[in-house]
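Chemist: The feature divalent metal cation binding site is assigned by TrEMBL to His109, His113, Tyr130, Asp294. What TrEMBL lists as substrate binding site is Tyr130, Val131, Ser132, Gly133, Gly134, Asp162, Gly177, Glu181, Asn266. According to TrEMBL, the feature domain 'Gcp-like' maps to 29-300.
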Amino acid sequence: MPVVIGFEGSANKIGVGIIRDGEVLSNPRRTYITPPGQGFLPGETAKHHRGVILTVLQEALDEAGLKAADIDCVAYTKGPGMGAPLVTVAIVARTVAQLWGKPLLGVNHCIGHIEMGRLITNAQNPTVLYVSGGNTQVIAYSERRYRIFGETIDIAVGNCLDRLARVIKISNDPSPGYNIEQMAKKGNKYIELPYTVKGMDVSFSGILSYIEDAAHKLLSTGQCTPEDLCFSLQETLFAMLVEITERAMAHCGSQEVLIVGGVGCNLRLQEMMGVMCKERGARLFATDERFCIDNGVMIAQAGWEMFRSGHVTELSDSWITQRWRQLSSSSSELSEPLVT
């Protein structure tokens, strides 16, 4: 039973997790939080990660009750993500692997989310909706490869929600998406917003431009409340996601949906997807914020799957790939990355 440690730091979360044969031994993390109305910049985010990553590493080892000698492999997020934070994590992972004399594995962040979701929920062969601050994709596993069936053609759903939070100055603590979700529960007036689905793909830039332009006027004239805006944006975005997920299910003949990624812990999204699944006689699988939001153990789990299949990353190949869109399987027969 190999023990794998995983380092994740592709955005504003820095996490280190340890897994052993499907058992989560530890999973501490830290979040870089900016003031309301502000996003997080790559350089400042990387500085935050550098300041806490060794502390989080020690916490992971202590929580698991392990020493360096007990670790069999070191996995890290190779991409996709923000350049400077990814480099910070890669350097630490490379250093740790060399100091401990352990093999190294560069992991696709997207695969980490999917494999962690499958482990926690026991979903067998789901159509996956991967939704986060930087990614929005509908993915299914076919012929030993993960294949992208639909995705955003511009910005990610999480980024769209975050931008609304900046416009109406919603707190980033613990996250803008979480605070929007809570405010949306109090909204009772639906504001019609642009709805753009193009075949299997979605576009969020139009709805974002509309709401950025209209928000001040709508709020200042009393036509709606901030809660109404949060409610309306969520309902519109999530309806688009449910539509393309259902279409992918029909294409694949799937009877399971797995939601992963930071936005995946939104209970309203799970509720709307659940209604669709019930109508199709399908099953919905989702996790909570411990495993939906970026974390180290999801990288450890994907690394564990790869390591037991005989894969390692040579030191000369242990760079980062900021826009790593390719997806490959983490089954016993890993295939080459597929670009769709």
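If you go along the chain as it appears here, the first residue is 1 and each next one adds 1.
Note: Cβ is positioned from N, Cα and C throughout, glycine not excepted.
Curation plays no part in TrEMBL annotations; they are all automatic predictions.
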Chemist: Could you check which of the binding-site residues (Ser132, Gly134, Gly177, Asn266) sits closest to Asp294 (divalent metal cation binding site), going Cα to Cα?
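Modeler: Among Ser132, Gly134, Gly177, Asn266, Ser132.
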Chemist: Among the binding-site residues listed here, Gly134, Gly177, whose Cβ has the fewest other Cβ atoms inside 10 Å?
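Modeler: Candidates: the binding-site residues Gly134, Gly177. Fewest Cβ atoms within 10 Å: Gly134.
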Chemist: If you measure every Cα to Cα distance among Tyr130, Val131, Ser132, Gly133, Gly134, Asp162, Gly177, Glu181, Asn266, the residues said to bind substrate, what is the biggest one in Å?
Modeler: 18
Chemist: Going by Cα-Cα distance, pick out whichever of the binding-site residues Ser132, Gly134, Gly177, Asn266 is nearest to His113 (divalent metal cation binding site).
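Modeler: It is Ser132, whose Cα lies nearest.
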Chemist: From the centroid of the CB atoms of His109, His113, Tyr130, Asp294, the recorded divalent metal cation site, which same-chain residues not already listed sit within 8 A by their CB, in sequence order?
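Modeler: Nearby residues not in the site list: Ser10, Cys110, Gly112, Ile114, Ser132, Asn135, Val260, Gly261, Gly262, Met298.
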Chemist: Taking the Cα atoms as reference points, how far is Tyr130 (divalent metal cation binding site) from Asn266 (substrate binding site) in Å?
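Modeler: Here the two Cα atoms lie 13 Å apart.
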Chemist: Any idea what the Cα distance is from Asn266 (substrate binding site) over to His109 (divalent metal cation binding site), rounded to a whole Å?
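Modeler: About 20 Å separate the Cα atoms of these two residues.
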Chemist: Please give the average pLDDT for the domain 'Gcp-like' (29-300) in this predicted model.
Modeler: 96
Chemist: Distance between His109 (divalent metal cation binding site) and Gly134 (substrate binding site) at the Cα atoms, whole Å?
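Modeler: The Cα atom of His109 (divalent metal cation binding site) is 11 Å away from the Cα atom of Gly134 (substrate binding site).
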Chemist: Find, among the binding-site residues listed as His109, His113, the one whose Cβ has the highest number of other Cβ atoms within 10 Å in the structure shown.
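Modeler: Most Cβ neighbours within 10 Å: His113.
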Chemist: Would you mind checking how many other C-beta atoms are within 10 angstroms of the C-beta on Asn266 (substrate binding site)?
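Modeler: So the Cβ neighbour count for Asn266 (substrate binding site) comes to 26.
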